[in-house]
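Notes to accompany the following structure.
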Ligand SMILES: Nc1nc2c(ncn2[C@@H]2O[C@@H]3COP(=O)(O)O[C@H]3[C@H]2O)c(=O)[nH]1
Ligand SMILES: [Zn+2]
């Protein structure tokens with residue numbers, strides 16, 4: 001097929017069909033303007049992979065929702081004589097969602113079109129566009145204009161709790177809160193850190209996180225805040241040296257610096273610059289750590305500059321160990337070490353302390369489900385978006401597809417029930433044995449999350465059985481949030497409840 005034929009064929013198939021294009025070896029090709037020409041003896045194969053496109057992209061829920069909104073509006077008008085603002089807002093959200101589905105943007109969701117021309121999967125020097133730079137400078141100005149003294153006692157206390165809601169805070173405010181963490185742990189006095197240097201360091205850290213769905217600055221903030229909360233909850237200040245606390249908090253802060261949104265498996269399979277540079281050994285974690293020390297190598301950002309060389313060496317060694325420990329490929333190795341030590345744990349033993357510090361960073365890194373559901377669930381949507389993006393790219397490039405990232409294999413609840421059962425609970429249970437006070441703060445919320453996602457999984461299966469069809473594993477619509485309530489939850493709530501949950 002020549003390109004014109006291709007588009008003619010697509011037009012003939014009509015808008016209700018999904019087409020996929022394959023090369024002679026059976027690889028799915030990206031239908032995009034950069035498509036290479038084929039020759040007479042290398043045919044492209046065009047296949048209709050799904051019909052009734054409209055019903056996939058226009059979930060019945062959307063019609064249902066519009067109908068119910070209309071119904072609700074007429075009832076409210078009968079009572080109060082006009083359409084309340086909240087209903088107008090909902091109508092415009094539903095309308096904008098419909099427009100999104102009708103446009104071509106959603107095609108990238110389905111792995112059909114993907115502009116991966118400037119995809120950054122290697123640590124090339126970052127040359128942000130002016131607008132990004134401007135945005136950052138605005139954040140910097142706002143951050144520097146706020147004083148940590150403005151942060152009230154109430155917020156300082158709340159900052160120590162795992163129920164802290166990151167979604168309520170802007171980036172500049174998060175930077176101030178990070179500054180509060182360093183000051184309230186007395187790091188500035190203990191390590192002679194000048195406030196201006198701390199602010200420069202925090203700002204540079206912020207600039208070195210990418211705007212990607214999950215491994216972004218907000219994730220860095222959440223992990224650091226959880227670490228901070230754990231330090232207070234477990235009273236670690238009385239058990240470890242302040243230098244170890246500095247290592248743990250700074251490792252949490254730096255642990256995903258310049259994450260490109262594609263994991264180690266991808267780096268290795270795609271033979272990216274990172275994989276080449278680090279010989280396939282934890283390429284990402286090595287990179288995060290190297291970026292951290294790159295930032296610290298600038299004198300104006302070097303919060304460690306007033307330390308003795310021995311202290312510096314200790315901190316550098318500790319941070320390298322903690323950041324490299326976040327590679328999930330080493331999860332069992334590290335957890336098993338901790339399991340052996342836990343019954344005889346000794347806070348004065350150097351090796352014991354080292355394993356505990358790694359465990360604390362790991363727990364903080366994967367602690368979203370320990371937070372209230374309204375905070376945790378949007379994080380899962382972000383993670384799945386990054387996962388699906390990776391598996392779509394893997395399919396397009398003909399690389400092995402990472403199974404737990406494959407939109408054709410995982411559903412939102414199944415991804416979570418497995419992760420909670422096999423990763424979170426074993427890890428959190430072990431830490432709780434050493435610090436029983438953590439049970440209510442991290443273990444119980446995770447157990448509740450497991451029930452929540454098991455219920456969601458059951459409901460999905462029942463719906464499938466009722467309808468006798470396979471439900472799409474992860475519907476586009478599930479991502480639309482209306483006042484923090486997912487469409488699916490919304491569908492299940494009564495119209496009267498709707499007005500109360502949406503605000
Ligand atoms: N399914 C699932 N995976 C998670 C969750 N939180 C963290 N992870 C995974 O755990 C990994 C920790 O290291 P990475 O940041 O590389 O990538 C993270 C995700 O792959 C979660 O809530 N659900
Ligand atoms: Zn992380």
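Quick reminder: no glycine exception, Cβ is built from N, Cα and C everywhere.
TrEMBL labels come from automatic prediction, so no person has curated them.
Going by what TrEMBL states, the Zn(2+) 1 site holds 219, 255, 256, and the candidate of 351, 365, 381 recorded there is 365. Neighbour counts of Cβ atoms within 10 Å were taken for the binding-site residues 256, 365; the minimum is at 365.
For the recorded positions 215, 219, 255, the greatest number of Cβ atoms within 10 Å around a candidate Cβ is found at 255. Comparing C-alpha positions, residue 215 (active site, proton donor) sits nearest to 256 among the binding-site residues 255, 256, 365. In the set 216, 218, 416, none of the binding-site residues has a C-alpha within 10 Å of the C-alpha of residue 255 (Zn(2+) 1 binding site).
Checking the binding-site residues 216, 217, 218, 416 against ligand 2, none has a C-beta less than 6 Å from an atom of that molecule. Residue 217 (AMP binding site) carries a helical DSSP state (H, G or I). For the domain 'PDEase' (132-460), the mean pLDDT of the prediction comes to 97. Under the DSSP three-state reduction, residue 365 (AMP binding site) is assigned to helix.
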